[in-house]
Amino acid sequence: MQEIESLHQSVLLQEVLQAFMPLEEGVLIDCTLGLGGHSKALLSQKPHLKLIGIDKDKFAQEIAKERLKAFEGRYNLLSGGFAKRFKEALETHNKEIKGVLVDLGVSSLQLDDDNRGFNFHSHTLDMRMDLESELNAQKVINSYPIVALEKIFRDYGEIKEYKKIAHKIAERRAKKPFKNAKDLSEFLSSFSKNKKIHPATLVFQAVRIEVNSELEELKEFLQCARNLKGAILCVISFHSLEDALVKNAFKDYAKNCICDPSSFKCACSNNHALGEILTKKPITPSPEEIKNNRRSRSAKMRVFQFKP
């Protein structure tokens with residue numbers, strides 16, 4: 001456990017604590033519990049706060065449970081997709097919910113585990129957050145039609161040469177299927193010459209998003225979150241696709257006028273805002289945090305306060 005404490009660094013921890021500073025009691029939902037770093041800090045700082053922690057990864061949840069031992073009786077941990085579980089919690093605890101945290105990053109424990117398939121040197125081609133899910137990265141890479149590969153590389157990886165990469169992968173797998181992440185990473189490096197980032201980075205991102213339905217789950221969550229009353233919502237994203245969804249959802253929440261944009265005059269009373277955006281610009285890690293935890297460098301945090 002001491003090793004976990006030293007290896008695991010919660011992204012934007014002080015900024016998250018600051019965002020939830022107004023909370024004194026009630027329920028906080030950590031939609032992406034992970035190893036429980038943010039939740040542990042919040043429960044420590046807020047003695048009257050209760051926690052609902054959600055995560056797909058049962059292994060990570062067991063570690064989080066151990067780390068939260070000191071707060072026995074103040075938390076309830078749930079397994080499953082956060083959109084579905086959040087909706088259920090909202091139906092039963094709406095008036096009690098005072099804060100909601102979503103950290104969309106992959107934990108260091110998952111990234112560094114060569115058996116999970118998230119890193120370029122992994123012995124598997126998996127990438128599942130939920131190890132009971134049927135779809136994994138190997139099925140995507142070795143079985144998806146070329147058109148489907150093109151779509152996920154274009155839409156989820158924002159890869160310019162999405163057609164070329166999809167066709168190259170199809171040619172190679174016809175001769176010899178990809179057996180692990182290392183195999184795929186080395187193959188991509190053999191013909192892609194991107195100097196700014198590792199040639200496999202965006203392909204791995206796209207496949208991971210597909211395997212875990214990440215953007216669909218985020219969209220479902222953001223739609224459901226509209227029903228929050230008096231709560232603070234804090235979302236940490238790690239790439240432009242996630243951040244755009246969060247940014248646009250928050251703008252939509254904050255709209256007073258819901259008339260058709262083509263209308264010449266407002267006829268809706270201009271009082272429909274669900275609350276206010278507390279972060280005019282996203283909060284990003286300090287240079288010091290990036291120095292200590294390089295994986296935090298792309299993090300962006302946005303915060304919204306819902307009306308009671």
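The backbone N, Cα and C atoms fix where each Cβ goes, glycine too.
Copied from Swiss-Prot, the annotated features are:
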BINDING   G36, G37, H38, D55, F82, D103, Q110  S-adenosyl-L-methionine binding site
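The DSSP secondary structure for G36 (S-adenosyl-L-methionine binding site) is coil. Within the same chain, the residues at least 6 positions away from D55 (S-adenosyl-L-methionine binding site) whose Cβ sits under 8 Å from its Cβ are T32, L33, G34, Q61, A64, L77, L78, S79, F82, listed in sequence order.
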